[in-house]
């Protein structure tokens, strides 16, 4: 199964640290699809890190920038790993609703906390307790659920997650 530009891209959503970038890259390599990590794309285009952008324009300013690049990437790439907060901006949330293959990667907050603690590239995780991260996570669940084609537990191996996604794409 190879996607072409006429097909809907595979879009990975979910909280920070759930494996969107890792799974997106693996999926693209296995299926010879084009892939982009939206945060990396933003950093390249803006010539700044995500934390620098947050510092300069705040979260709302960042979400507007993110939306502009999201609309660009959905037209250019087969597989897109979004930032965890892409659903926080109403325009991005509504834009994503038009796409069919949105996979919500999710895992236990303890796993997430271990993965993101002290990660300086995640401005919403810096100096946050597990309780604070959990509150942010809980505030986003309904939006992830609203647009997800399928929820995938990412507490598994990369290959198991990949197989589950491919199964949904080919059989579901």
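Backbone N, Cα and C define each Cβ position, glycine as well.
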To which of 19, 84 does Swiss-Prot also attribute binding of substrate at the site defined by 39, 63, 140? 84
Which is it, of 18, 21, 22: the one of these binding-site residues whose Cβ has the most other Cβ atoms within 10 Å? 18
Could you tell me which of these binding-site residues, 20, 63, 140, has the greatest number of Cβ atoms within 10 Å of its own Cβ? 20
Tally every other Cβ atom lying within 10 Å of the Cβ atom of residue 84 (substrate binding site). 25
